[in-house]
Amino acid sequence: MARGRIRSKLRLSHIYTFGCLRPSADEGQDPHPIQGPGFSRTVYCNQPHMHKKKPLKYRSNYVSTTRYNLITFFPKCLYEQFHRAANFYFLVAAILSVFPLSPFNKWSMIAPLVFVVGLSMLKEALEDWSRFMQDVKINASKVYVHKSDGEFRRRKWKKISVGDIVKVEKDGFFPADLLLLSSSYEDGICYVETMNLDGETNLKVKRSLEVTLSLDDYDSFKDFTGIIRCEDPNPSLYTFVGNLEYERQIFPLDPSQILLRDSKLRNTPYVYGVVVFTGHDTKVMQNSTKSPSKRSRIEKTMDYIIYTLLVLLILISCISSSGFAWETKFHMPKWWYLRPEEPENLTNPSNPVYAGFVHLITALLLYGYLIPISLYVSIEVVKVLQASFINKDLHMYDSESGVPAHARTSNLNEELGQVDTILSDKTGTLTCNQMDFLKCSIAGTSYGVRSSEVEVAAAQQMAVDLDEHGEVSSRTSTPRAQARDIEVESSITPRIPIKGFGFEDIRLMDGNWLREPHTDDILLFFRILAICHTAIPELNEETGKYTYEAESPDEASFLTAASEFGFVFFKRTQSSVYVHERLSHSGQTIEREYKVLNLLDFTSKRKRMSVVVRDEEGQILLLCKGADSIIFERLAKNGKVYLGPTTKHLNEYGEAGLRTLALSYRKLDEEEYSAWNAEFHKAKTSIGSDRDELLERISDMIEKDLILVGATAVEDKLQKGVPQCIDKLAQAGLKLWVLTGDKMETAINIGYSCSLLRQGMKQICITVVNSEGASQDAKAVKDNILNQITKAVQMVKLEKDPHAAFALIIDGKTLTYALEDEMKYQFLALAVDCASVICCRVSPKQKALVTRLVKEGTGKITLAIGDGANDVGMIQEADIGVGISGVEGMQAVMASDFSIAQFRFLERLLVVHGHWCYKRIAQMICYFFYKNIAFGLTLFYFEAFTGFSGQSVYNDYYLLLFNVVLTSLPVIALGVFEQDVSSEICLQFPALYQQGKKNLFFDWYRILGWMGNGVYSSLVIFFLNIGIIYEQAFRVSGQTADMDAVGTTMFTCIIWAVNVQIALTVSHFTWIQHVLIWGSIGLWYLFVALYGMMPPSLSGNIYRILVEILAPAPIYWIATFLVTVTTVLPYFAHISFQRFLHPLDHHIIQEIKYYKRDVEDRRMWTRERTKAREKTKIGFTARVDAKIRHLRSKLNKKQSNMSQFSTQDTMSPRSV
């Protein structure tokens, strides 16, 4: 294959840093010792047939995220269904109903159970089918695989085997964990994006072994064979130990040769690799856990309620069986007319114990209506409908990507309303991975007039808040005017948007910088931007402009900015970079060559990057950019001329949420450079464990006596609405933790951008402190970390300022120790006391462990949100997992419970849908238990009234229809349509969310209250009916009512009472609820009428009962009215007194809206909105509150000074 054009572009190994330099195989580097447990994997390269039999047969590349398969669906799903207490009880009841002891027809017990369980299993099947189809899509992706004939043909991912040679092309994802053999570049270099693994968008450089570089075309693979001996599958993303046996030599392998599944090939036309790990053996899948079957807290509490009712059921059944035994022993001899012709043990007075035991089974079945069999299926239906509302909410539809919100499981809808802590990924979740060059400081002058997103949003919020507080006098400019000024600032001049460049300032554009003072410094600033990097230019033939593939988006934005300023980096060779420089107003450019002598790369430890170049005049320059704290401490005495104003500008940029770097340079003479370069070359070609440390020490020798030129300010573009969303969630009382694989500096900058951090907030950084030159032992490190945590806890507790806010920042290495058993709860205690928590450089496994710690340590509901494969473990570990369905992969979405297109939609998902779903489900369940207790206990009272005979007062069909038809639809409507307040009010009053977080509507106080209401209703329904009807003339002819007439009258009262009760419960009526509530009552009368018209062989004692017996009797209608009113009167009185004496927040809002006070009295409405904010220390609101306190402090100080001055002025005549 022709490779000349690609080879001529770059020989990267000559210009890359010591981190990219590769010792030759003959330089004596020893292979890794591969032996012992954990190092048993053997891979035969290009010989996949060797892996078809054990022990070399490894897992296939098929990946599954489903909970069930064809074999396990029925047993596993049935287990899940009968794991529920109520379903298990009704399974036992259905089995017992087959025997003659049952007081009901067997189908009246079996049919509802089959319907309920079948519907739930169908829902589970449909949801798992959705996961299966997404798996099919991923597994059906194709990649080129080498065949024995030397050709590469496309094959599905799932059919790839260990040992296969695959070819991955540019912008393709790696289908498995591969060993890089060669790339389209002759140096075997390729760029990889690992955002799906560690969240970082910075491109990583991978490089093959020198010995495999010749494998560069199809023919070269015909006879290629080799053996890889390496570590077993493990979750560590950043380590790999192995050896390659090739051409009778052994070559050591390290992570720089490994291409991980779900990472993406960038800036490289193609690579060849051999498959080492497949499917669930890959590191990304090792970092994920099996998709768990999650249950909400409310559902778990519901089980305890059912256990309580089961205890009540067993108690009254024992009372009933004891009563029956008593009646059998002492009264059965007198009741000769009840004895059967053939004696039975059941009625034998000489054996009452046996009679009582047998009757116990009858009683357990008879009183089973205390347990609501339709509760689970009704909740399933309601949750599915709630989920459909989430899916169809246009306010959570992203028009740009065309992606709506999606509830991938409906089991956790109500959990959305009870979240305490949100654990969020950063890259791709909070940010859009887009850096814009926005401002800069050069030679002590700040340039760039556009405002950052943070400044604009904060100014708008401050304008609103200051207006509400009435803080600004009419003589000064209004906050709204100030906000308008900032908005105008942010959109000065309409121009074609340029990716990576949001700068606007006429002083530097179009060559105007030549008129500025300090032109030499400005020229140096631009040259540092254009030269100090490792990027590769690519010409866009359509636009004629260059784009840049860089290791970091910051670097790409610097080059774009330099290009817009007139310094276009357009070419790189193995030893030089070329820049077109515009040095005049005419627009003409000069091509200049800068020879790259050395490049000292950026690392998280160094926090800086330098390049040593020789310009065309022969001058040697060290150009350096890095963190301001690092650069400032390396400045020469004469290099601090601009230190003061630059520091001031950096603070301003930081307050604006911008990422900053300081730029500096140093001139080197030939002699000094030559001496240093000899040492540097010696260090970078050395082989040993201390190589990196040696290189750092030698780099420090040259990176000193720097001269400060200026600083850059780059905006890490947040996703649209992120700061506002975080602010609203904070007002709702939610805590937010950020878990990211990024560097600490990057994470801190994002924290400022989205107002998780702010100026004045005290930062607690927990890090591992190593001794110079030597690593500490594990115990010393643990003691050090524990000491840091203990001191931080004391500092937080001793803080007396109520407005003080703390932010905890910890890196992944330190977190490894902090999550160990002896320390994790101290760490958690510190973290929960901090306003915000940021964990940096964390692995996917650590994300999951932190989530587990918060979930189990606090006992509160956690929500994890992320967009990449590196977030899967965290998403699955949390009580609720939310996936961002971005452009990079679907792993997070596939593992999630809910998916949204943008982070900002989380606000509506929680504050609106979460609040509604929690309240709906809570009220629905409480009502369900109320109506079943009210109904079920009447059976017990009738039993006691009739000598515990085991006879039901209600017809079998009444019992069958009560839960399934006559009372199910109104309660489903309650669970689907109920709204205490509208969605707009939920967003305006975010503190309403605290009702769910505090579980106000499903605590035991409220549950027992509803159960007590059910007991009261049952007493009224039975005894008031008996009092009205018993021994009274029921018909005109003077006849009394029989059992069926009494039972039908009582059942009518129950239908009326429970439906009127639900009508009083509803806050938001729709026509559907009216139809279902009053229609259920009408349906009852229709059923009784039609059922009574059937032949007596079918209707039995119900024959024409409504038409001929009940309807003509006035006492029937009087009893219905009196019983219904008496039943609901206490609840009506309760809700009335509560609204008058102890109203809840939503009661006040409902009243304000009903009387339209929000329109007539805006000041009261604003005051109520302000009160409805949860006191928070993060977000725009906290930032604005801090600003208001600052303004008040300044005003009070000014008034105090004026008062003192006035006092001195009045006293001065006396002193004369």
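Just so you know, glycine gets a Cβ as well, placed from its N, Cα and C.
Membrane topology taken from Swiss-Prot puts Pro100 and Arg1035 on a shared side. Mean model confidence for the topological domain 'Extracellular' (943-956) is a pLDDT of 83. Same-chain residues lying 6+ beyond the ends of the transmembrane segment (360-377) with a Cβ under 8 Å from its Cβ atoms: 84, 86-87, 89-90, 93, 96-97, 101-104, 109, 112-113, 115-116, 119-120, 302, 306, 309-310, 312-314, 316-318, 320-321, 324, 925, 928-929, 931-933, 935-937, 939-940, 943, 948, 950, 952, 959, 962-964, 968. Asp871 (Mg(2+) binding site) sits 25 Å from Lys605 (ubiquitin cross-link), counting Cα to Cα. Of the candidate ranges 75-96, 957-976, 1007-1029, 1072-1092, 1110-1134, 1110-1134 has the most C-beta pairs within less than 8 angstroms of the transmembrane segment (1043-1065).
Note on the transmembrane segment (1110-1134): residues 934, 1013, 1016-1017, 1020-1021, 1024-1025, 1028-1029, 1032, 1034-1036, 1045, 1048-1049, 1052-1053, 1056-1057, 1060-1061, 1064, 1088 of its chain, located 6 or more positions outside it, place their CB under 8 angstroms from a CB of the stretch. Asp867 (Mg(2+) binding site): 31 other CB atoms within 10 A of its CB, across all protein chains. With respect to Cβ neighbours within 10 Å, the recorded positions Lys605, Asp871 differ, and Lys605 shows the lowest count.
Pairs of Cβ atoms less than 8 Å apart link the transmembrane segment (1007-1029) most often to 923-942, out of 923-942, 957-976, 1072-1092. Residues of the same chain lying 6 or more positions beyond the ends of the topological domain 'Extracellular' (943-956) and with a Cβ under 8 Å from any Cβ of it are 103-105, 108, 320-321, 323-324, 327, 331, 359, 362-363, 366, 1026, 1043-1044, 1046-1048, 1050-1051, 1100-1102.
Remote same-chain residues near the topological domain 'Extracellular' (1093-1109) are listed as 955, 1034-1035, 1042, 1044-1045, 1048, 1085 (criterion: CB distance under 8 Å, separation of at least six residues from the stretch ends). Sequence-distant contacts of the topological domain 'Extracellular' (97-100), counting only residues of its own chain at least 6 positions beyond either end whose CB sits under 8 Å from a CB of the stretch, comprise 106, 108-110, 365.
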